[in-house]
Amino acid sequence: MQRRGALFGMPGGSGSRKMAAGDIGELLVPHMPTIRVPRSGDRVYKNECAFSYDSPNSEGGLYVCMNTFLAFGREHVERHFRKTGQSVYMHLKRHVREKVRGASGGALPKRRNSKIFLDLDTDDDLNSDDYEYEDEAKLVIFPDHYEIALPNIEELPALVTIACDAVLSSKSPYRKQDPDTWENELPVSKYANNLTQLDNGVRIPPSGWKCARCDLRENLWLNLTDGSVLCGKWFFDSSGGNGHALEHYRDMGYPLAVKLGTITPDGADVYSFQEEEPVLDPHLAKHLAHFGIDMLHMHGTENGLRDNDMKPRVSEWEVIQESGTKLKPMYGPGYTGLKNLGNSCYLSSVMQAIFSIPEFQRAYVGNLPRIFDYSPLDPTQDFNTQIDCQPLSLFTLFGLQMCHLKNGVYGKPCSACHLGLLICMKPQQNGISPRMFKAFVSKSHPEFSSNRQQDAQEFFLHLVNLVERNRIGSENPSDVFRFLVEERIQCCQTRKVRYTERVDYLMQLPVAMEAATNKDELIAYELTRREAEANRRPLPELVRAKIPFSACLQAFSEPENVDDFWSSALQAKSAGVKTSRFASFPEYLVVQIKKFTFGLDWVPKKFDVSIDMPDLLDISHLRARGLQPGEEELPDISPPIVIPDDSKDRLMNQLIDPSDIDESSVMQLAEMGFPLEACRKAVYFTGNMGAEVAFNWIIVHMEEPDFAEPLTMPGYGGAASAGASVFGATGLDNQPPEEIVAIITSMGFQRNQAIQALRATNHNLERALDWIFSHPEFEEDSDFVIEMENNANANIISEAKPEGPRVKDGSGMYELFAFISHMGTSTMSGHYVCHIKKEGRWVIYNDHKVCASERPPKDLGYMYFYRRIPS
């Protein structure tokens with residue numbers, strides 16, 4: 001109880017009313033059965049409101065329920081009390097005050113602040129030399145709002161005292177997700193104190209580094225014994241390498257290396273080959289000085305990017321983030337930023353673009369009152385536990401997230417600006433943290449649930465997939481992105497054709513490098529750059545390839561060869577060509593520039609190009625025309641099924657149990673930088689025939705929208721029955737399980753309503769709750785239930801034809817309203833920002849910083865969002 005002694009030794013609150021111990025005891029007696037002491041498995045949410053981003057730093061503070069340990073802002077605590085009857089809450093408030101000045105005018109010397117006891121992040125916008133924090137805690141009893149100031153260790157019943165102490169000393173349930181805490185867990189290397197350093201005269205220059213055994217210029221590690229600069233392992237720390245640093249250790253036995261580009265006065269990334277883990281080197285400054293590196297004069301840049309990651313003068317880092325330009329901060333509705341959780345900028349950029357679309361706002365924000373009224377008693381259970389419970393659905397999370405981005409409540413100036421106690425050197429807003437939202441949308445996804453950088457395009461498709469699977473009744477906002485693609489395949493020998501259609505959500509444009517308009521400049525720059533690198537001179541100013549957008553559009557529409565094309569007219573393999581056209585135009589067109597590819601050595605690389613993306617886009621000429629007069633269709637004959645005689649070959653063609661996937665092959669592919677789930681699918685669909693065969697599968701399928709989605713197979717993941725409701729099945733198989741019906745009815749809904757919702761959503765509890773929320777006009781209809789039950793007993797299957805894909809076709813004229821840009825050499829590293837056009841001007845969303853854009857870099861984007869111009 002040492003913690004409680006320190007905490008409750010504080011003086012009582014000056015504004016609290018004094019009562020005798022007996023009076024407080026009598027006041028709490030009726031509520032004692034509802035006050036719990038947190039157990040080891042309980043999560044205490046004392047940092048953030050379950051329905052908003054209110055925290056103890058907010059004006060109204062935070063109220064923690066002493067029974068469920070959920071937290072609520074002032075706007076939502078009354079609703080929770082009325083809904084649950086829980087009366088006792090702990091009110092937490094952090095006050096920020098200007099420090100008391102000394103006689104000389106400066107702040108008094110620093111000393112341990114015993115008034116801080118909440119496990120909260122401090123505000124980076126406030127100068128710790130000028131401000132101090134003071135935390136306040138008190139019990140509040142509803143509905144009379146009676147307050148009991150803490151501490152009251154002598155007056156409170158023992159159970160209440162223990163419960164209060166346990167709540168206040170508990171750690172944040174998100175603490176394990178915060179990458180900043182990992183640094184504190186690094187051990188000190190046992191080799192740091194007595195590290196041998198060779199006196200070989202090696203001096204490390206401030207830039208121009210290159211691996212001593214290959215030509216790689218990134219993911220470079222400096223050996224602290226002999227000064228060798230060598231590359232790391234393949235995609236170690238999200239960068240490519242050939243493992244020469246590890247080979248050098250095996251040859252020489254020199255244990256410690258530091259990653260170049262991570263060195264700052266605060267430290268650097270140090271790895272111990274002997275101990276096989278990242279470590280701390282308390283003598284790092286001395287060890288670096290041995291090779292001419294002054295650690296105290298090194299500095300990093302924002303977003304965790306270091307000096308060597310920045311190219312001189314015209315790098316995409318500077319241009320895209322509009323560095324060197326005085327940008328005016330934006331506040332208020334629609335201008336709320338999102339805090340970076342550690343490589344979460346891909347999520348923030350996609351969310352800002354999607355949530356600015358009116359169809360998404362209408363679908364989710366308009367239902368917020370219903371969300372609050374019908375939300376589960378514990379709105380965090382769905383992503384914190386894997387048990388059967390009421391889930392907070394995607395519908396709810398989207399509504400909450402969009403509401404807070406739209407209403408501007410949290411898009412206010414930072415604390416220093418708001419307090420007005422001194423001039424803020426970097427005026428900006430605090431923004432909101434998408435921690436709860438990220439935990440939900442990335443649940444069960446091995447890549448997006450990690451703290452690694454991800455591809456914004458893959459996350460966009462993942463988000464669209466979630467919206468598709470969690471439709472709000474008949475309304476589906478992702479319909480605005482959906483369009484049909486007509487694919488025309490022609491047999492080159494017989495000239496016969498086949499037309500097929502598929503659904504897509506974005507247009508992928510190739511980079512037509514051969515069409516660059518400044519080829520002479522590029523050649524001259526490359527020669528100068530190589531000469532400068534060879535002579536260790538400063539690199540020349542970057543020359544970026546200028547690609548006409550029309551050339552990229554032309555490359556998209558050109559025919560492409562079809563490998564292993566089987567002609568049904570010839571009943572044999574033949575040469576074939578494929579062209580793609582739009583069978584429908586979406587309401588919002590998302591265009592991805594295919595900047596990422598593989599070199600001849602299979603090393604991922606990025607095209608650093610400038611494309612003159614148009615503000616007004618007309619793709620009407622890409623409208624599909626269907627079968628034309630004079631064209632003859634290929635016969636509708638499937639290729640013959642070849643059954644090999646060899647038993648091993650027969651085994652290859654049989655699907656294996658997902659639990660038998662060769663994990664060693666999976667890890668070999670994952671180390672090359674491919675998404676883990678894609679690697680698992682590659683090994684699965686190639687029958688465990690090894691990493692090389694699976695690698696070929698990846699190359700063929702890596703452009704598919706679901707490339708990185710988890711492996712799901714009928715019979716193994718319960719997906720076999722997913723098509724039942726699509727075709728209107730109402731037989732015995734569509735009878736909702738009684739245990740799911742009981743869960744919904746226990747929430748106060750009618751049994752008939754529960755059955756109808758479950759039937760409409762293929763027995764998905766989460767989607768059924770969404771269905772109920774979006775159908776408030778439901779009335780009990782016994783005839784409907786009787787009819788459905790009769791159909792089930794008779795096993796009647798509806799013969800209605802399934803509806804085609806929902807598309808919103810229209811004209812092919814579009815206007816640019818947003819784009820997402822990427823900086824870095826790979827989608828697995830770097831940084832994303834988003835530009836959105838609002839009220840006639842461009843705004844840059846760079847994590848929590850939202851400013852009016854002065855020079856929007858529309859030519860350097862990665863994903864572009866166009867809206868249809870009404871005809």
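Backbone N, Cα and C define each Cβ position, glycine as well.
Pulled from TrEMBL:
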DOMAIN    187-295  domain 'UBP-type'
BINDING   Cys211, Cys214, Cys231, His244  Zn(2+) binding site
DOMAIN    336-869  domain 'USP'
ACT_SITE  Cys345  active site, nucleophile
DOMAIN    660-701  domain 'UBA'
DOMAIN    735-775  domain 'UBA'
ACT_SITE  His831  active site, proton acceptor
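Distance from the CA of Cys231 (Zn(2+) binding site) to the CA of the residue listed as 'active site, nucleophile' is 27 Å. Per-class residue totals from DSSP over the domain 'UBP-type' (187-295), listed helix then strand then coil: 16 helix, 23 strand, 70 coil. For Cys214 (Zn(2+) binding site), the number of other Cβ atoms no farther than 10 Å from its own Cβ, over all displayed protein chains, is 12. Ranking the binding-site residues Cys211, Cys214, Cys231, His244 by the distance of their Cα atoms from the Cα of His831 (active site, proton acceptor) places Cys231 first. All protein chains included, Cys231 (Zn(2+) binding site) registers 27 other Cβ atoms within 10 Å of its own Cβ. Non-local contacts of Cys211 (Zn(2+) binding site) by the CB criterion (under 8 A, 6+ apart in sequence, same chain) comprise Arg217, Leu220, Val229, Leu230, Cys231, Gly241, Asn242, His244. Here the recorded positions are His244, His831; the one with the fewest Cβ atoms within 10 Å of its Cβ is His244. Here the Cβ of the residue listed as 'active site, nucleophile' has 26 other Cβ atoms within 10 Å, regardless of which shown protein chain they belong to. Apart from the site residues Cys211, Cys214, Cys231, His244, the chain places the Cβ of Ala212, Arg213, Asp215, Leu216, Leu220, Leu230, Gly241, Asn242, Gly243, Ala245 no farther than 8 Å from the centroid of the site's Cβ atoms, the recorded Zn(2+) location. With DSSP classes pooled into helix, strand and coil, the tally for the domain 'UBA' (660-701) is 30 helix, 0 strand, 12 coil.
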